[in-house]
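Report on the structure given below.
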């Protein structure tokens, strides 16, 4: 089971991430036995990457300064050969985000893009009305566009939503389940991207490792919803479930 | 009921806010069905504002960079005609904060200033000993000074405390209730300002919408206190109550 | 009891800290009746320090900008004569952190360095493999090195871990107890440093005040573990226990 494998290996995941969800993301990684580190200063990101097992780049509250850190960290991760994950938060909301994502995709080799449908549309240049960092509204052929992006950037693409879609450009899979309440607390997508970073470290079959991660995350949402009603308790229970499943597995 | 109206409309609230409470504020907005977005980069705030329903400017951890973003975002929001809310966190604690607040008030038309009594004193130039971002000690005629500020800046002023005071310079109201434990977790005032931003979007009677919001928030404090004892549980229960009331209303 | 003394005095602790744990740290200080303020802008840190009872410098997500703020705030705190605490998060992980810590130690008189063993090794120039911001692996004589650092910088040194070690260079003490789950949520070390800042304000025997704080924190970990199983609940219960003990004391 993927979370148990992560707990066994205890990978260090360097996250250049946003300040809205940094705490939740750190606790979520710790819950499954991974180690988070969140350095974003230009003068140290390369050195921090050099001791990490995976790098997550999340543009949720990016600025001119951290944009440069992301670029430098990504390039260093490529020379190290460790997995690099892109979470293009709100990529379609502003030109600054869209350009940054394009620049990152041009300069850094990513192993995984983990996005929502609005962010996919932005990367695929499909007309779309993104609602801030939420997915928003529009019309897009998810499977076709995600596959195209996966082929173009030679990476895995995960588009999360009511059903998650995962593709490496050749094989693809839809994953159902979960609960919509996951979209009603901040940072569940960001945390999933971080966990995917940890998941990419444990094994030699990235597609299966990530598909397992998605299924596990759906299960966690269902479990959390079964034992809670409102989102205060729900967010805490998501952390509990990550902790529990990574220790005990699903029973 | 105001929270139910917010849930129905699902406004996007762009918050330029502090990193101490960003997560709590995002989850609090999500709890009532609003969408938070927290971009603060100069190169994108105008574009982010242009898709938002309301803008919150919170100076809790401001710096030279974000100060400029706040100014630009505020001006853009004015041209868009969307509600702009100022949360002058710790305005009386340093000259830098006080000057920033004065500059913002001179350059941006705010619909609402939501502050504590120490921050009111700073804006009103009344001698006061502010304790960091807490209200601190001093002597001030809240009703007079708040009305004066409301008239001067043609906006609503809310001064929260043991009793809340709301005025638009003409009509005024004191709102009692609540529980002092709200001041013993970080971010409840900041979150209230964000919720006021969402509340200003739903209706055509800002004073009533905001007075309703204050009464509801007092009720939430009372409910949370009834079912919990210590602040760890209390903060989670505040989120639960926001979620519950926005779905079910008060029973 | 130290937490009750803090609640009685309600010290304002100015924390220049990282955005990962800022919320948890603020709520932890509030839980014991202290007041947190988290300003990090160069133009205001001196003025904020001038109204504070203690200053905490935590380098968890430092950057070139905040590095300067830390230096300025530290120097100001020295002229004020208030306690200054250094939390050298991940000091051994990058040259940037190590140099910043050396620079701070050279320019600012600290009353306390609160670190883990990997950070101690970095300050003591002992070869060590730090794992991001976690302690990592290596071989070090904690008592000797901590005493040496305490003498060199004329301060108290606390090295937390399975057992905590505290020394002022003359007297020393090992403190057992606690629960390893404290290392499985983010920010417990950072929060401890902040609480130590508050503890240094209440009394005239810093060594005893800090040793009491460490014992109380160990007790809190044990209590939290007794009533919870997984880390979501655990982190909330740590806040509850801080709140409870500072009001009621240990029963």
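Each Cβ is built from the backbone N, Cα and C atoms, and glycine gets one as well.
Fair warning: this is a prediction, and the values are worked out from it, not measured in the lab.
Long-range Cβ proximity for residue A:187 (substrate binding site), meaning a same-chain Cβ under 8 A and a gap of 6 or more residues, is found for A:20, A:21, A:24, A:25. Marked as substrate binding site by TrEMBL: A:38, A:187.
The Cβ neighbour count for residue A:160 (ATP binding site), using a 10 Å radius over every protein chain in view, is 26. DSSP assigns residue A:160 (ATP binding site) to a strand in the three-state reduction. The ATP binding site feature in TrEMBL is assigned to A:114, A:160.
Listed binding-site residues: A:38, A:114. The one with the lowest count of other Cβ atoms within 10 Å of its Cβ is A:38. Checking the binding-site residues A:38, A:114, A:160 against chain B with a Cβ-Cβ cut-off under 8 Å leaves no residue at all.
Counting only the Cα atoms, the space from residue A:160 (ATP binding site) to residue A:38 (substrate binding site) is about 24 angstrom. Taking 8 Å as the upper bound (exclusive) on CB-CB distance to chain C, the binding-site residues A:38, A:114, A:160, A:187 give A:38 in sequence order. Between the CA atoms of residue A:114 (ATP binding site) and residue A:38 (substrate binding site) there is a gap of 19 Å, rounded to the nearest whole number.
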